[in-house]
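Record features (TrEMBL):
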- CYS7, CYS10, CYS52, CYS55: Zn(2+) binding site (BINDING)
- 107-123: compositional bias 'Basic and acidic residues' (COMPBIAS)
- 5-79: domain 'ZAD' (DOMAIN)
- 88-123: region 'Disordered' (REGION)
Amino acid sequence: MNFPLMCRLCLIPNQVNQTVEIFDDSNEIPEKILELTNIHVENGDGLPQEVCVVCWEQLDRSITFKRQIQKAESLLRQHLAQQDNFSFCPSPAPVITGDPLSEEEEGKMAQDNERDEKDELES
């Protein structure tokens, strides 16, 4: 097998697709491969030193998507932590003071509640 004449990521022969050198001054491609797959790609390791344009674009989109997911996860967890902080510090409930309702007042409130429920059902 002639490694130098194929894409390192998909193994398609270089004659089929345009290729990009993996190792350049920016070292961007090896860093993205490492970030996405945890595979160390080293210059001069005897394996193909190029990737096809299709794989390069897919690598770039995958890294962007991975970072988007990580950012969303971080923001959601921050929001959840803020929500949890609020629930652990509730304000005290107001204390209601006063005399208990008389039987007459309780009956009137019950009638009002029944009337409100009936109105809601009819509307």
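Cβ atoms are placed via backbone N, Cα and C, with glycine included.
Residue counts for the domain 'ZAD' (5-79) under DSSP, helix first, then strand, then coil, are 38 helix, 8 strand, 29 coil. For the binding-site residues CYS10, CYS55, the greatest number of Cβ atoms within 10 Å around a candidate Cβ is found at CYS55. As a whole-number mean, the pLDDT of the domain 'ZAD' (5-79) in this prediction is 93.
Take the CB of CYS7 (Zn(2+) binding site) and look out to 10 A: across all protein chains shown you find 22 other CB atoms.
Taking a C-beta cut-off of under 8 Å and a sequence gap of six or more, CYS52 (Zn(2+) binding site) has these contacts in its own chain: CYS7, LEU9, CYS10, ILE12, ASN14, VAL16, ASN17, GLN18, THR19, VAL20.
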